Amino acid sequence: MDHFLYKDGVLHAEDVAVSDIAAQVGTPFYVYSTATLTRHFKLFDDALSGMDHLVCFAMKSNSNLAVLKLMCELGSGVDVVSIGEYLKAKAAGFPGERIVFSGVGKTREEMRIALEGGIRQFNVESEPELAALNEVATSLGMKAPIALRVNPDVDAKTHAKIATGKSENKFGIPIATCRDVYKRAGEMPGIDVIGIDVHIGSQLTQLEPFELAFTKVAELTEALRADGHDIRRLDLGGGLGIPYERSNSAPPLPVEYTDVIRRTVGHLGCEIEIEPGRLISGNAGILVSSVIYLKHGEGRDFLIVDAAMNDLVRPSMYDAYHDIIPVTEPEAGEDQTPMDIVGPVCETGDTFAKARNMPGLGEGDLVAFRSAGAYGAVMASEYNSRPLIPEVLVKGDQFAVIRKRPSFDEMINRDTIPAWL
Ligand code: LLP
């Protein structure tokens, strides 16, 4: 459920007409709903009630400072994957003890900054990384709290580019050999072994892969405890999918997912961490764009809009489906015609939808791409020298620009020309 609904014939973000934001901010832009972000966080938080837990928002899905501040105030933790994300989380107010540092290639410098600034835990993904962290922590006279990210060799049944839990993927330490690594970790002076971490992929629409992975984690917990490790925290990653296509059957609910957690690892008495990103921010955001031209091609029509693949790369990168709706509510029973919805970038891949049925639209009309709050703005680029687009946050009947559109001069002046030119 989200808070982008038609009211009086116009799409609203909560109580604000999207057309009013467009008039003030110009298109294209992203807009996020405070109520949806809050609701989605609480769905997870409530569903884990009664268990010692921390929901750590995966900020890679949406890292705007205002969104982070909101999550922080809701009591969320945060999952970061670079020191840039760590410093942003700190700037938004997250205390170190609510920041989990994931990622396959943390550098020594990143480890040092996080250790000095405070960290809940490092999710360590390889033996060389473990050795480096031990060195850095020892040199600072500290002990780094760690979970080893295990690779459970489970098929997440999602798009190949976002599946992470098979042995051929670059992530984690094979579950079969990780007891030895835990043994070595337990002997390192700069390392404090506290738990196990697993994350098998993103946009999962079935519970079975989670069930398989968490069951393996439960077995490993018992084995490691028998080996003498004090395993007291399980980080079960993120990955629960969202309904992009309203016609498709909906993915499982957060409460069904947390039931799997209770069933598989609930008896172990561990503190539970989860790292949802998309399910919190995905349907909490839309991308608003306006029609530049309607072009009649041979055998097909092209709706050329002012957003492009540099603003929302998911369709061209993952063949992702995004619902695209007019901001002015179509009349009931209004004729629809199939059209290809494309951006102005000079690549055929700059296609958002093919043969999508749309009501009559013309120059200047506004359209909204739904489910664009996760992996939208964060993956944007300035390809084709198109400045990054603004982000707006709505709360009730108020809205604020939370990232402004840079001027062309700002974009141009970021480059420098050497003296010899
Ligand atoms: N934890 C870790 C260690 C992750 O790598 C990820 C996502 C998450 C949590 C959050 O997963 P989520 O709950 O959002 O599924 N750009 C792609 C998605 C990449 C996901 C990368 N890792 C997309 O647009 O679909």
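Cβ atoms here come from the backbone N, Cα and C positions, even for glycine.
Among the candidates ARG262, ARG263, ARG278, ARG414, the one that TrEMBL lists alongside ARG314, TYR318, GLU347, TYR375 as binding substrate is ARG278.
Per TrEMBL, the pyridoxal 5'-phosphate site holds GLU275, PRO276, GLY277, ARG278, TYR375; the candidate it also names there, chosen from GLY201, GLY228, GLY239, GLY333, is GLY239. Cα spacing between GLY277 (pyridoxal 5'-phosphate binding site) and ARG314 (substrate binding site): 15 Å, rounded to the nearest whole number. The binding-site residues examined here are PRO276, GLY277; by Cβ neighbour count within 10 Å, the least packed of them is GLY277. It is LYS60 that, of the recorded positions LYS60, ARG314, has its Cβ surrounded by the most other Cβ atoms within 10 Å. Considering only the recorded positions ARG314, TYR318, CYS346, GLU347, the residues lying within 10 A of TYR375 (pyridoxal 5'-phosphate binding site) on a C-alpha to C-alpha basis are ARG314.
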